[in-house]
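Student: My structure is below; once you've seen it, I'll send some questions.
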Amino acid sequence: MSKTILGILASGRGSNMQAICNSIDAGLLHAKVGLVISDKANAKVLEHAAAKGIPAICIERKDFPSKQEFEAAIAQQLTLYHVDLVVLAGFMRILSAYFVNLFSGSIMNIHPSLLPAFPGLDAHEQAIAYGAKVSGCTIHFVDEGMDTGPIIMQQAVSILADDTVETLSERILAVEHKLYPQAIRLYCEQRLCIEGRNVKII
Ligand code: GRF
């Protein structure tokens, strides 16, 4: 079977991108990162990708008159690099229906809470402020909503009495780094079947 080509979109430090690359290097994931795109010129993820010899491109919203033209530029690069699966890894923008429809069923996101609890920004802070005893992370297919697409995998992480945003995010991040490559692997093995809101693992 040929390798699934991943296009990673990220805005920040890129630890999930690195975890995915490590899984590929360890032979656990039959995939190739075709390119990394960031909407932030100074994002660490671009440095990490370039250090690994992965094409690393910055596409900034401010350089386009409209959101659709910005997304079209991203889509153009993903197509140019023959991307099969778009992997959002800390990409801090909501993608419109236009973009989602271009890659329908082939965009994944990771979010640091057990969705539908605590969507959007500052998920760890939301969970602690709410007094939740459990949070975790969710990997889901992307639709045009914010963190609303069909759920692929979730794993719980306990919230401890003395947790801060830093300590909780560190423990959740360790789980993210294991779970995201697993979900991508299922996609690569064509074992994910979307039925409405339900993702069946076959
Ligand atoms: C992760 O916590 C992820 O769940 C969220 O953004 C963060 C990205 O971290 N969507 P990194 O850039 O992969 O280190």
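From the backbone N, Cα and C atoms, a Cβ is placed for every residue, glycine too.
Caution: TrEMBL annotation is automatic and unverified by curators.
The model shown is predicted, which means the values in this text are computed figures rather than measured ones.
TrEMBL feature annotations, pasted as is:
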type: DOMAIN; residues: 8-184; note: domain 'Formyl transferase N-terminal'
type: BINDING; residues: Gly14, Ser15, Asn16; note: N(1)-(5-phospho-beta-D-ribosyl)glycinamide binding site
type: BINDING; residues: Lys67, Met92, Arg93, Ile94, Leu95, Asn109; note: (6R)-10-formyltetrahydrofolate binding site
type: ACT_SITE; residues: His111; note: active site, proton donor
Student: List nothing but the largest Cα to Cα distance in Å, as a whole number, among the residues Lys67, Met92, Arg93, Ile94, Leu95, Asn109 that the record says bind (6R)-10-formyltetrahydrofolate.
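Tutor: Overall maximum Cα spacing for these binding residues reaches 20 Å.
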Student: Count the other Cβ atoms sitting within 10 Å of the Cβ of Leu95 ((6R)-10-formyltetrahydrofolate binding site), across every protein chain shown.
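Tutor: The answer is 24 other Cβ atoms.
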Student: Tell me the Cα distance separating Asn16 (N(1)-(5-phospho-beta-D-ribosyl)glycinamide binding site) from Met92 ((6R)-10-formyltetrahydrofolate binding site), rounded to the nearest angstrom.
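Tutor: Cα-Cα, rounded: 14 Å.
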Student: Using a Cβ-Cβ cut-off under 8 angstroms and a sequence gap of six or more, which residues of the chain neighbour Arg93 ((6R)-10-formyltetrahydrofolate binding site)?
Tutor: Ser11, Asp39, Arg61
Student: Mean pLDDT, the domain 'Formyl transferase N-terminal' (8-184)?
Tutor: 98
Student: Mind giving me a neighbour count for His111 (active site, proton donor)? Other Cβ atoms within 10 Å of its Cβ, every protein chain shown.
Tutor: 24
Student: List only the single closest residue to Leu95 ((6R)-10-formyltetrahydrofolate binding site), chosen from the recorded positions Gly14, Ser15, Asn16, His111 by CA-CA distance.
Tutor: His111
